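In what follows, a single structure is set out as structure tokens and then discussed.
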Amino acid sequence: MKTSVKFETIFPLTTAPLIQCITNEITCESMANALLYIDAKPIMADDPREFPQMFQQTSALVLNLGHLSQEREQSLLAASDYARQVNKLTVVDLVGYGASDIRNEVGEKLVHNQPTVVKGNLSEMRTFCQLVSHGRGVDGSPLDQSEEAIEELIQALRQQTQKFPQTVFLATGIQDVLVSQEQVIVLQNGVPELDCFTGTGDLVGALVAALLGEGNAPMTAAVAAVSYFNLCGEKAKTKSQGLADFRQNTLNQLSLLMKEKDWFEAVKGRVL
């Protein structure tokens, strides 16, 4: 794929960026370990009383809507407001957007603060763009992944960039769609098994934040994070005998794939 992304300079990370994650209990440990596997550093700090000092130390922030509660809502919104005040690099992950009105309201408030990257699966991002969506809970639907549906979403996300010109929008699925005010990229790596263990989208959000914290441009960080994770899944599939084995091998590949000099040559996609 011809793109301005210089994949060969992405890894290894050289600054050990400290990434603050306000996320859910289900995948909290997996996110923290994924960051460690790529030589970033996690801190799972969600108490607003700590934010002034935390924000002085961290390189980027992840705000994840998964497992929403009143207390977590307060933390997410407080962190989002503070991040905007201090121009903190921020990834907003719209987990389960469309599942409830409360979740939608919180998500809209987070996006209103102009985060660096906004992500979700194709169904979540269709709901965000007020398109018909067939997603259920936190899962995307195959009905939202046809070529026609993806093209419709691309056009809707282009409209969103008019309201949020500094934000890169990422929609993940059978194809991964990335839209900024300047360009549209569609990525085509990955394997179906990545939908069969929980938290894959959360891990991608953490990887995006790490690459932002390392100093990469937003589109570069998003493209590289998605591509790297999907290629880890592809490599893991060749070594696995079941889904639990596949999950472990995917996580293993986060620290291993980057050691292959030309790993990025397997990236597939197109620039529109």
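Cβ coordinates come from backbone N, Cα and C, glycine included.
Database features, via Swiss-Prot:
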BINDING   M44, G199  substrate binding site
BINDING   K119, T172  ATP binding site
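Features recorded in Swiss-Prot, as mapped to the structure shown.
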residue: M44; record: substrate binding site; Cβ within 10 Å: 15
residue: K119; record: ATP binding site; Cβ within 10 Å: 29
residue: T172; record: ATP binding site; Cβ within 10 Å: 26
residue: G199; record: substrate binding site; Cβ within 10 Å: 23
K119 (ATP binding site) versus G199 (substrate binding site) - Cα distance in angstrom: 13
Separation of alpha carbons, K119 (ATP binding site) and M44 (substrate binding site) (Å): 19
